[in-house]
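Engineer: Have a look at this one before I ask anything.
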Amino acid sequence: GPAVRRCFGPLLCLWALLLPAAGGAAARGLDVASYRERVRAMFYHAYEHYLESAFPYDELRPLTCDGQDTWGSFSLTLIDALDTLLILGNVSEFQRVVNVLQEGVDFDIDVNASVFETNIRVVGGLLSAHLLSKKAGVEVEAGWPCSGPLLRMAEEAARKLLPAFQTPTGMPYGTVNLLHGVNPGETPVTCTAGIGTFIVEFATLSHLTGDPVFEDVARKALKALWKNRSDIGLVGNHIDVITAKWVAQDAGIGAGVDSYFEYLVKGAILLQDKELMSMFLEYNNAIKNYTKFDDWYLWVQMYKGTVSMPVFQSLEAYWPGLQSLIGDVDNAMRTFLNYYTVWKQFGGLPEFYNIPQGYTVDKREGYPLRPELIESAMYLYRATRDPTLLELGRDAVESIEKISKVDCGFATIKDLRDHRLDNRMESFFLAETIKYLYLLFDPDNFIHNDGSDFDVVVTPYGECVLNAGGYIFNTEAHPIDPAALHCCRKRREEQWEVEDLMREFYTRKKTKKYTLKRAPDHGEGENAKDPKDASPEKAGEKRNFKKSSHSLLSCPSQSFNSKLAVLGQVFLDNT
């Protein structure tokens, strides 16, 4: 509708972030500053225990006060928590960790790694930290942000993932060995999110390094999913990346699909790409037509549209935040309030919630401290200033501290009914949950910059404006400054502008007689070419550049752990 059209442009959704307060915290007596400091204390309780008991392992095990590798042995929690340190204002620890990562992280290891998780957590975390380095007082090298140690690390990690994309369809395998590439006998079945969640990180990498391969493979994968949607406009949950046959045909907005939709919107904003946005809007219509019931979203069969599972998954709670980014705030609030009722029922969001029965699903009663509902609250609060959203933040702080806090950090809640705990603290707790909570309670954080404050940096390609706001969060809540994508292309853009001016001058100054006289050089008669088109390569470059010209803004996030199999059965992905 008009709200969506109004929202897609150079200042996409900035209007929503600048709306006057429609109420405010004081309306219900919630002490925002006090909750902000409690969130800060939660971060340090978890972070310090990770350093003390778990580093250099990927994650903290809070019940036994030790560590474990989970996603590939990258000291993952440290990478994931790095930009959160800066958002909390801790520049000295940010600087220390940057040095630790440069010295200690090695991607030349014989480890089977999730392509999806390595991208969103490692590549995304390093890119974000790279772009925030100067703001954090790190002494950056000449040429930054187009070069730097963290950027080189992000590029190295991403290159390790590229072999996964070498398939007949362009859709990647789900797992890759960092030393040897794709293992012989690797399953060709990948979930939809594991195929469509690369454009934010990979396009950023291509624009900063000048190597188009990353953006190219990410776009090809996105478009392969689009090409294989059903006749009614839906995508399933798992697909064979060799044959493009759908293996799990459940369609919904949650686990296994979620961040594909998220990255169509965020990729559109980051790259000002109308094609990506139109793809999302078409999906959005199909989702509303077939899966939406009373502001809940169910799972349906992708070809027939018949309901396969009437459940709400906690991962779906990112959706209201995504709706707010395209300007659909009213629908977003209604769905958010449905999800909030589930939180209030249990003191957290169970992984699965049976909507007709109003209760948890067997073996899916846990809450691993996921960020999605808090993330949506942050976006919607920026758009509406509705104090209900702060109340969700308050409830989250109270619940997590009461149920999940232990001596060595915060533990995953195994069962929300009896508050049993699991011996795990996922890295997204520090990367996402704490970050979104803090940003909800910190209206003056630099992340919320409205463009009134910015930095001008000099690059080898000219002057460049950074840190003006409009940050785009990847699906692990790592903020990317969209302005940075222009910093390393300026020379080419200016070259094209000068060439255009010269061509215009050339064609205006020369007489018709001169043009006719020159025509044989370019062809004759109907095949004659305009002098402007004398360099088709450059003309093509120019068209591509204009097509993917970019602008500012910021958006939602999540991770997936559960996968859906055929017939609506659900199984955990423990790889």
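Sequential numbering from 1, following the chain as shown.
Cβ coordinates are placed from backbone N, Cα and C, and glycine is handled just like the others.
Caution: TrEMBL annotation is automatic and unverified by curators.
Per TrEMBL, the feature signal peptide maps to 1-27. Taken from TrEMBL, the feature active site, proton donor covers GLU117, GLU351. Annotated active site per TrEMBL: ASP258, GLU372, in sequence order. Under the heading Ca(2+) binding site, TrEMBL lists THR475. The region 'Disordered' feature in TrEMBL is assigned to 516-556. According to TrEMBL, the feature compositional bias 'Basic and acidic residues' maps to 518-543.
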Engineer: Could you state the whole-number distance in Å separating the C-alpha atoms of THR475 (Ca(2+) binding site) and GLU351 (active site, proton donor)?
Structural biologist: 18
Engineer: Please report the number of other Cβ atoms within 10 Å of the Cβ of GLU351 (active site, proton donor).
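Structural biologist: GLU351 (active site, proton donor): 26 neighbouring Cβ atoms within 10 Å.
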Engineer: Please report the distance from the Cα of GLU372 (active site) to the Cα of GLU117 (active site, proton donor), rounded to the nearest angstrom.
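Structural biologist: Counting only the Cα atoms, the answer is 17 Å.
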Engineer: Rank the active-site residues GLU117, ASP258, GLU372 by the number of other Cβ atoms within 10 Å of each Cβ, and give the residue at the low end.
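Structural biologist: With the active-site residues GLU117, ASP258, GLU372, fewest surrounding Cβ atoms within 10 Å: GLU117.
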